[in-house]
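Engineer: Before we start, here is the structure in question, set down as structure tokens.
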Amino acid sequence: MFIIAESNQLYLGDMLFYLVSFLIMAALVWHFAWKPVTQMMQKRADKIANDIDSAAQSREEAQKLAAKRQEELKGSRQEAARIVDNAKQAGESQRAEIIATAQQDAQNLKNQAQKDAEQARQDALRGAKKDIANLSIEIASKLIHKQLNADDQQALIDTYIEGLVKHE
């Protein structure tokens with residue numbers, strides 16, 4: 001029995017030694033290994049969380065910038081359409097002005113041509129009147145062999161011209 005008791009004591013002593021060794025080892029591991037590992041893991045978790053937050057912020061900023069760019073693009077398209085419309089309106093206005101000016105110039109030319117034609121007609125009539133008067137006087141002088149006085153000559157001319165105007 002004594003051997004068994006010694007064996008139990010040895011077994012109990014070894015167990016106690018192992019337990020104390022384990023506790024010391026656990027304390028050393030806790031102090032030198034577990035804390036730095038958990039701190040490193042916490043830092044890593046914090047960094048990952050920050051990276052995720054940063055990525056989310058970057059994505060939101062990118063979406064905001066994309067929306068702003070789309071809005072600016074829409075605004076620039078509207079501005080371009082407005083500029084084109086203004087240019088079209090200015091072109092139409094200028095075209096209408098040019099047409100009105102051309103029509104006025106054409107009417108002025110037509111009126112001037114009519115005046116010139118009437119003046120030429122009047123000049124031709126006066127010239128013809130003088131020529132006819134001179135020819136009539138010559139013919140009458142030769143036929144009558146006498147000179148007509150101015151009043152007779154004027155009456156003869158007026159009668160002849162009235163006859164010409166009626167035939168026109």
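Placed from the backbone N, Cα and C atoms, the Cβ positions cover glycine too.
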Engineer: Which one of 61-80, 101-120 shows up in Swiss-Prot as region 'Disordered'?
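Structural biologist: Checked against Swiss-Prot: region 'Disordered' maps to 61-80.
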Engineer: Report, as numbers and ranges, which residues of the same chain sit near the region 'Disordered' (61-80): CB under 8 Å and 6 or more residues beyond its ends.
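Structural biologist: Long-range Cβ neighbours of the region 'Disordered' (61-80): none found.
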